[in-house]
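Asker: Before we start, here is the structure in question, set down as structure tokens.
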Amino acid sequence: MENASSVKEFILLGLSEDQGVQKTCFVMFLLFYVIIVAGNLLIIITVISSQRLNSPMYFFLCYLSFVDICYSSVTAPKMIADFLVENKTISFVGCIAQLFGVHFFGCTEIFLLMVMAYDRYIAICRPLHYTTLMTRRACGRLVMGSWVGGFVHSIAQTLLTTQLPFCGPNTIDHYFCDVHPLLQLACTNTYPVGIVVVANSGMITLGCFVILVTSYVVILVSLKSQTAEGRHKALSTCGSHITVVILFFGPCTFTYIRPSSTLTEDKSVAVFYTVITPMLNPLIYTLRNEEVKSAMRKLWSRKLGSEKGK
């Protein structure tokens, strides 16, 4: 355990070492982060304040938006600040905390996407049982289960990593602390741990992705028996979910389904599931959803009306 405490901090190489590229990235990712926070907050406020958006689908969407804000906030502020400094250091404790946060919120999002797929399956394939199966209590339990699942997964990854001895070097070729880059810095054979990490992260990602794809295939097949109007509405809703699933699970599967490697593409791919997907989620769910757009317009007009009244 002496070796484990010999490294007090890590150096993050970030996305690029070119000064010009870093300045461009600072502006770009700062804009992305503002869009993430503002867009997801807008969805949360709209769902909470609108009486029409009281179905389980929007209940889950509200929590997904909250998780997206937390998920991106674990990595984005540090990455953005590092674009302006030469020494991109992070303490050992901060590194482990970031590792925990990334896997906690990332895995919670995976389970929430599965819950949302289950909600759509019940709504489309078993509409007569929808109100009895998707009660407020049942929805609360599904959300709680997603949080607990994310916590169990993350604590396992964190404990596996903190048990490893780190005695140098301490340079991480990434913009945040993740399991694979840390495994490469450990002063011991990490092959067994690497296998467990792949079994944990990789199989959760791949397994959930397969279940999600299967559920949407079943949903799409069942739409044949529905009316044209019902089919169009269901396809609009499911289309948003499928787009999010592909954008999130594609990069995640690429990163976590294989053992630790030296591929520099990993950090570029990670941008998709830590920044791009949380930024696009509000746009995907609002642009393709008339109910959300209508609720936002009413909220905006109500706000303008109250300001004029003053």
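Every residue, even glycine, has its Cβ placed from backbone N, Cα and C.
Copied straight from TrEMBL:
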- 26-45: transmembrane segment (TRANSMEM)
- 39-285: domain 'G-protein coupled receptors family 1 profile' (DOMAIN)
- 57-76: transmembrane segment (TRANSMEM)
- 96-118: transmembrane segment (TRANSMEM)
- 138-156: transmembrane segment (TRANSMEM)
- 203-223: transmembrane segment (TRANSMEM)
- 235-257: transmembrane segment (TRANSMEM)
- 269-287: transmembrane segment (TRANSMEM)
Asker: Decide whether the stretches the transmembrane segment (203-223) and the transmembrane segment (57-76) have at least 3 CB pairs under 8 angstroms, with pairs required to be 6 or more apart in sequence.
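Answerer: Since fewer than 3 Cβ pairs under 8 Å link them, the transmembrane segment (203-223) and the transmembrane segment (57-76) do not come into contact.
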Asker: In the predicted model, what is the mean pLDDT computed over the domain 'G-protein coupled receptors family 1 profile' (39-285)?
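Answerer: Mean pLDDT across the domain 'G-protein coupled receptors family 1 profile' (39-285) comes out at 87.
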Asker: Using a threshold of three or more Cβ pairs below 8 Å, and leaving out pairs closer than 6 in sequence, do the transmembrane segment (26-45) and the transmembrane segment (235-257) count as in contact?
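Answerer: Output no: the transmembrane segment (235-257) is apart from the transmembrane segment (26-45).
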Asker: Do we see three or more Cβ pairs under 8 Å linking the transmembrane segment (96-118) and the transmembrane segment (26-45), pairs being at least 6 apart in sequence?
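Answerer: Checked: the transmembrane segment (96-118) vs the transmembrane segment (26-45), no contact.
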